[in-house]
Amino acid sequence: MAVCGRFAPTPSGRIHLGNILCAMLSWLSVRAKGGRYLLRIEDLDAMRCPRSLADQIEDDLQWFGIDWDDGGSAGGESWYQSTRSPIYDRYFEKLEQQGLLYPCFCSRAELHAAQAPHRSDGTYVYAGTCRGLTPEQIAEKRKHRPPAMRVRVPDRTVSFSDGCQGVYTENLARDCGDFIIRRSDGVYGYQLAVVVDDAEMGVTEVVRGRDLLESTPRQLYLYERLGLPAPEFYHIPLLTAPDGRRLSKRDGDLDLGVLRARFGRPEPIVGMLAAAVGLRPTAEPVALAELAADFSWDKVSRMDVALPSEILQR
Ligand SMILES: [Zn+2]
């Protein structure tokens, strides 16, 4: 099967340095193999994601040296998740027909009170409060509040080999719990949308931040239940401040608006990122396309990488 990768930004703001690293590595991985590259706009929360911001992302990517073979505004409406609900409906029904879904009426406050502590990706392990509601209880609760829909997960250990992080293993029931497929406002959850879109668009490799590693077993479970082929995963290191701290506001706003104004051209930024993740020994400016010829995942750091102080200077 031909290699196909994608970049799938959420246009709720200007593209950030961490996002551009993700775009850079996913693009290099695909171009090094002569594959196809797609741009999908993840605007499920359409109110927070105006088209003007999506258009700005396209402009920033092109400035950086990233092109795509399909998707984005030139590809048409179907590349925006906010238009794809009828497609998600079909897969939602497949899960429902298997008896895997149930309504959850828990409020945010109840979830906070009843759940296990935060996982690193910001989600909770659901305690199963609504798993055993009777039809009568459900009918009564529906009068007061529209439910979210959750998918049941089995007590099963899922293991996969990540192209960057190596083998990762998790127990679905213990480490994840039943998770949201559709929110109470009717918007589909990220887990379902990303699985359906990557499968329908023929994506064979997914490159994203290491902070999403823990969501992958949930997605592999959905691929299996929906009878869809799962892609390869590459969870890339996160960027930190020079002393190893998570980047914060006091490091300045490292978005492409600021960086374009400061550097004027992409090559110094490409060079710094390439050196930071291990693709090049030094941080000399370089055009992105020049890195494709000898790109290899073997060179990419598994550990989080500290940015050089030059890039943080205001
Ligand atoms: Zn619940």
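Just so it is clear, glycine is given a Cβ too, placed from its N, Cα and C backbone atoms.
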Which range of 56-60, 231-235, 246-250 is motif ''KMSKS' region' in TrEMBL? It is 246-250
Of R156, R174, R208, R210, the one that TrEMBL places in the same L-glutamate site as R6, F7, A8, P9, T10, E42, Y190 is R208
Grouping DSSP H, G, I as helix and E, B as strand, the residues of the motif ''HIGH' region' (9-19) number 3 helix, 1 strand, 7 coil
Note on Zn(2+): the CB centroid of C104, C106, Y126, C130 has further same-chain residues inside 8 Å, namely F105, L111, A127, G128, T129, R131, A148, R150, D178
One of the binding-site residues C104, C106, Y126, C130 has its Cα closest to the Cα of R208 (L-glutamate binding site), namely Y126
Those binding-site residues among P9, E42, C104, Y190 lining ligand 1, judged by a Cβ under 6 Å from any of its atoms, are C104
DSSP says C106 (Zn(2+) binding site), in three-state terms, is coil
Across the motif ''HIGH' region' (9-19), the model's average pLDDT, rounded to a whole number, is 91
Listed in sequence order, the residues of the same chain lying six or more positions from C130 (Zn(2+) binding site) whose CB sits under 8 Å from its CB are Y102, P103, C104, F105, C106, P147, R150
